[in-house]
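*Asks:* My questions will all concern the structure given below.
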Amino acid sequence: MKIQIINKSRHDLPNYETIASAGMDLRANIIEPITLKPLERTIVKTGLFIELPIGYEAQVRPRSGLAAKKGVTVLNSPGTVDADYRGEIGVILVNLSNEEFVIENGERIAQLIIAKHERAEWIEVEELSETSRGEGGFGSTGVK
């Protein structure tokens, strides 16, 4: 699949790190470092603009290493880039740790995953079919 992209960053285009990678790393495109205090959030620009085909979205997801090792994650995970959006891709990062975290220019801050999606058409009804689960939710199937 080919996707049109404008790269106004000072970095290479996102790429798949391994043959089986689902996501491509997004890099911070910032003039000076950003310090995120504990529980603070900010939008980090990437310098990237994309044009997706209709029927596709780009999902902005956390990098597992950044979340596990530093407590920094994507706040609205997954963030969605719609096919008709033409603005710069930004990443909403939040620091969930107890320590300050410094974001440097070029740092890998999130993953971008291209995904196909469907448009739903609602069919309004008076009742839904029964299942063994019924209305059980929020842990109703057990915790272990």
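Even glycines carry a Cβ here, placed using N, Cα and C.
So Swiss-Prot says this about it:
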type	residues	note
BINDING	R63, S64, G65, N76, T80, V81, D82	substrate binding site
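In terms of burial and nearby residues, how do these features look in this structure?
*Replies:* Summarising the environment of T80 (substrate binding site), the number of other Cβ atoms within 10 Å of its Cβ, over all protein chains shown, is 12.
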*Asks:* Give me the non-local Cβ neighbours of G65 (substrate binding site): same chain, 6+ apart in sequence, Cβ-Cβ under 8 Å, ordered along the sequence.
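*Replies:* Those within reach of G65 (substrate binding site), by Cβ under 8 Å and sequence separation of 6 or more, number none.
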*Asks:* When a 10 Å sphere is centred on the Cβ of R63 (substrate binding site), how many other Cβ atoms does it contain?
*Replies:* 20
*Asks:* Which state, by DSSP, holds G65 (substrate binding site): helix, strand or coil?
*Replies:* helix
